[in-house]
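Novice: Dumping the structure here so I can ask a few things about it.
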Amino acid sequence: MASRPGLRPQTLPLRAAVRLVVGAVVLLAVVSTFLDTASRSPVNPFNFFGFFTIQGNLLAAAVLLLAAVLQVRGAADPEWLLPVRAAVTTYMFVVGVVYNLLLVGLPGGVELAWANWVMHVGFPVYAVLDWIVAADRRALSYRVLRLILVFPLVWVTVVLVRGATDGWVPYPFLDPASGYASVAVYVVVIAVAVLAFGAVVLLISRRVRPVAEPVGEARRNPA
């Protein structure tokens, strides 16, 4: 059937397409890791999903998928979406740097090599690059740091409560059994690291010019 004169065929914006693919791959990596872990021994879902890496990947993937869907539908982003994107970008920034500097090669990690790479290397790098080049962002106030800090503090609180009650902690340095003074130091270090990486993410939003969407890939094609 011929298209109506004067109308351009609708095409999927490149940025949205990439985000959809990357988000789907991240979800596949998390699900595959869970199934692989469960195939080796009984797995407690609360433990598996208690790791910051898992939660950070899921949150960041969900936010990018939402941004992609909104772009495909031609809908305007809600005001809260960009600050939340800054937050999840910060979390992936932290995951990538901490893992590759301090945890890579240590025992007890993700057994599936490809999934481990996606969650600790590929997706963190993509999340930061997406933030740098994507045209759908604007300068954000440093007050957004307060929002960025909320999830890590809630996560640490839950970890400490679980460590004190059922004895499970995702990382040994957060085990209350090692002494609350030591744990307190690590909590402060985590908070400072999140604030530092968050400040970099916000600085990028204020100082780095995003890459414009390619011609013909605007949210709405003109008639």
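Cβ from N, Cα, C; glycine included.
Just lifted these from TrEMBL, have a look:
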type     : residues : note
TRANSMEM : 12-35    : transmembrane segment
TRANSMEM : 47-70    : transmembrane segment
TRANSMEM : 82-102   : transmembrane segment
TRANSMEM : 114-132  : transmembrane segment
TRANSMEM : 144-163  : transmembrane segment
TRANSMEM : 183-204  : transmembrane segment
Novice: Any chance the transmembrane segment (12-35) and the transmembrane segment (82-102) have 3 or more Cβ pairs under 8 A, given the pairs are 6 or more apart in sequence?
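Specialist: Contact between the transmembrane segment (12-35) and the transmembrane segment (82-102): absent.
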Novice: Most CB pairs under 8 Å with the transmembrane segment (47-70): which of 82-102, 114-132, 183-204?
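Specialist: Stretch with the highest Cβ contact count: 82-102.
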